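Engineer: One structure, pasted below without further comment.
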Amino acid sequence: MPDSLPADSVGIVTPQTYHFDEPIDLACGQTLPSYDLVVETYGQLNADASNAVLICHALSGHHHAAGYHSKEDRKPGWWDSCIGPGKPIDTNRFFVVALNNLGGCHGSTGPNSLNPATGKQYGPDFPVVTVSDWVKSQALLADRLGIDTWAAVVGGSLGGMQALQWSLDYPDRLKHAVVIASTPRLTAQNIAFNEVARQSITTDREFHGGRYYDHNVVPRRGLMLARMVGHITYLSDASMGEKFGRELRNQAYTFGYDAEFQVESYLRYQGERFSETFDANTYLLMTRALDYFDPAYDHGGDLSKALAEASCEFLVVSFSTDWRFAPERSEELVNAMIGARRKVSYAEIDAPWGHDAFLIPTPRYTDVFHAYMDRIAREVGA
Amino acid sequence: MRPDLDIIQQWIRPGYHVLDLGCGDGTLLDYLQRERGASGFGLEINPDHITTCMGRGVAVIEQNLDTQGLGNFDDGSFDVVLMTQALQAVRRPDKVLDEMLRVGREGIVTFPNFAHWRLRWGLALSGRMPESDALPYKWYNTPNIRLCTFKDFEALCRQKGIRITSRRVVDGQHQNSWLARLWPNLLGEIAIYRITRENEQ
């Protein structure tokens with residue numbers, strides 16, 4: 001944390017755990033008898049509970065979206081650039097809810113939680129959850145928090161998929177869905193990258209079929225490789241070029257295979273750090289949830305038909321250099337919304353940072369986000 | 001409201017599904033939504049305009065007519081397609097007109113008249129490309145790359161079998177003067193056309 005708290009920060013925040021005792025039926029056919037969801041909230045819920053905004057996280061995200069947990073925190077929450085007093089998701093006006101999704105590894109029930117049936121960690125026995133399952137658990141959380149209708153459900157990437165799924169599964173329970181840097185379904189290339197990530201984890205000798213907890217080891221190499229390949233897809237060629245170019249760590253080639261280029265050492269560092277904090281089974285589960293997401297599937301591949309069930313308004317935002325979920329994917333989504341006569345606004349933001357751009361507050365992105373959220377705030381009297 | 005928009009809004013029936021090509025800051029759509037119960041979308045490429053639209057609750061799509069066309073809109077999916085002061089700025093106005101009347105039952109088009117007497121006079125006297133309040137650019141930086149006269153537009157409509165169901169000609173102050181009615185191609189500065197491919201009922 002900086003020496004003094006920035007004026008536009010939500011400040012020091014403390015996560016809360018909500019325990020659910022009612023079993024939840026999942027898309028895979030299995031049932032979780034009980035589970036925990038870890039949640040952070042920012043701002044105040046107004047008297048008629050009309051100003052609540054749900055933040056849905058992406059692959060490696062969690063409930064800590066804004067502010068600091070303590071003065072010792074080096075970095076704020078993952079979306080601190082967009083959540084806070086006076087920021088696009090203005091905590092002076094909105095009551096913001098961020099959670100760690102089911103299957104996560106930051107406190108909500110997931111593969112590294114204890115399985116009440118065995119007394120051991122779930123590991124590979126934890127069911128594969130889907131975007132729809134997450135939305136269902138988020139709706140139960142909303143019930144618990146006394147929120148009947150969200151002013152908006154907001155998310156980037158995999159989070160955007162949850163916002164979209166909300167509009168289909170609970171059309172009456174949200175006014176707006178904000179879908180940023182997302183896609184209505186993964187392409188073969190997207191799935192291919194996920195498969196490389198999964199293979200690198202599952203073929204790690206320390207993986208032990210997902211029961212590495214029992215062996216007191218972690219498939220660190222596999223998780224590291226998975227993160228490295230994932231990280232490449234989050235950046236653009238140009239942004240990597242600008243950040244690293246062909247810069248060497250030392251003056252000259254060493255004619256060996258150590259990390260000689262800066263980009264190599266960066267990726268290794270990112271991968272290593274990630275492997276220390278993230279659970280391999282959760283990574284498998286999250287990538288599978290991404291692969292399976294396809295709301296048009298049940299409607300013969302017709303996304304417009306799927307969207308006919310939605311009644312909220314949509315904001316869709318894409319970024320020019322995002323090749324993971326390219327602007328064309330957002331346009332596909334927008335066109336289906338137009339076909340279904342849903343009210344949608346769309347902007348393609350010119351930004352050099354690839355998929356990661358949704359986390360970086362470029363002026364136009366901030367303007368668009370601000371204008372749209374400001375209008376929602378006025379609409380709900382926040 | 002801009003006077004040409006004021007004329008247009010009178011032609012929009014309650015509940016119409018409207019597509020506004022080059023919707024600017026969304027003034028017209030905003031008004032139509034609130035006062036006419038209309039729905040629909042605006043297409044725009046200017047970032048500031050897009051932001052303003054979003055802030056006022058107008059559904060705006062960032063889409064470039066020249067490069068992306070209207071291929072993402074289904075046939076006959078709108079009651080009316082509007083294009084105010086933008087026809088002269090697209091690369092192929094003829095194709096845009098075709099597309100307007102493919103996705104909409106009716107089109108409303110406004111553009112500045114290049115045969116207005118002041119422009120004719122300016123060109124005749126100075127021998128330089130004319131400028132006016134409606135066309136305030138230099139020849140080399142103007143976005144208005146396809147200027148035409150009312151007669152040109154009407155000839156194109158005839159050639160394409162597009163029916164003009166109404167025409168309002170106004171002067172610079174958007175007054176519908178009797179002189180402009182008498183000699184539109186000479187005295188009218190801006191025309192507002194309603195066009196359709198549907199047969200007369």
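Placement of Cβ uses the backbone N, Cα and C atoms for every residue, glycine included.
Pulled the feature table from TrEMBL, pasting it below:
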ACT_SITE  A:Ser157  active site, nucleophile
ACT_SITE  A:Asp322  active site
ACT_SITE  A:His355  active site
BINDING   A:Arg227, A:Asp356  substrate binding site
DOMAIN    A:51-359  domain 'AB hydrolase-1'
SITE      A:Arg324  site 'Important for acyl-CoA specificity'
Engineer: So if I measure Cβ to Cβ from A:Arg227 (substrate binding site) and keep only same-chain residues at least 6 apart in sequence, which ones fall under 8 Å?
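Structural biologist: Looking at Cβ-Cβ distances below 8 Å from A:Arg227 (substrate binding site), excluding near sequence neighbours, one finds A:Ala197, A:Gln270, A:Gly271, A:Phe274, A:Ser275, A:Phe278.
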Engineer: Which is it, of A:Asp322, A:Asp356: the one of these recorded positions whose Cβ has the most other Cβ atoms within 10 Å?
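Structural biologist: Checking each of A:Asp322, A:Asp356, the winner is A:Asp322.
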Engineer: Starting from the Cβ of A:His355 (active site), draw a 10 Å sphere and report how many other Cβ atoms land inside it.
Structural biologist: 22
Engineer: Would you count the other C-beta atoms found within 10 angstroms of the C-beta of A:Ser157 (active site, nucleophile) for me?
Structural biologist: 27
Engineer: Do you know the mean pLDDT across the domain 'AB hydrolase-1' (A:51-359)?
Structural biologist: 97
Engineer: Inside 10 Å of the Cβ of A:Arg324 (site 'Important for acyl-CoA specificity'), count up the other Cβ atoms and send me the figure.
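Structural biologist: A:Arg324 (site 'Important for acyl-CoA specificity'): 23 neighbouring Cβ atoms within 10 Å.
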Engineer: Relative to the Cα of A:Arg324 (site 'Important for acyl-CoA specificity'), which of the recorded positions A:Ser157, A:His355, A:Asp356 has the closest Cα?
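Structural biologist: So, spelling it out, the nearest of the recorded positions is A:His355.
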Engineer: A:Asp322 (active site) to A:His355 (active site): how many Å between their Cα atoms?
Structural biologist: 4
Engineer: Can you give me the Cα-Cα distance between A:Ser157 (active site, nucleophile) and A:His355 (active site) in Å, rounded to a whole number?
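Structural biologist: On Cα coordinates alone, these residues lie 8 Å apart.
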Engineer: For A:Asp356 (substrate binding site), what is the secondary structure state per DSSP, taken as helix, strand or coil?
Structural biologist: helix
Engineer: So, in DSSP terms, is A:Arg227 (substrate binding site) helix, strand, or coil?
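Structural biologist: DSSP call for A:Arg227 (substrate binding site): helix.
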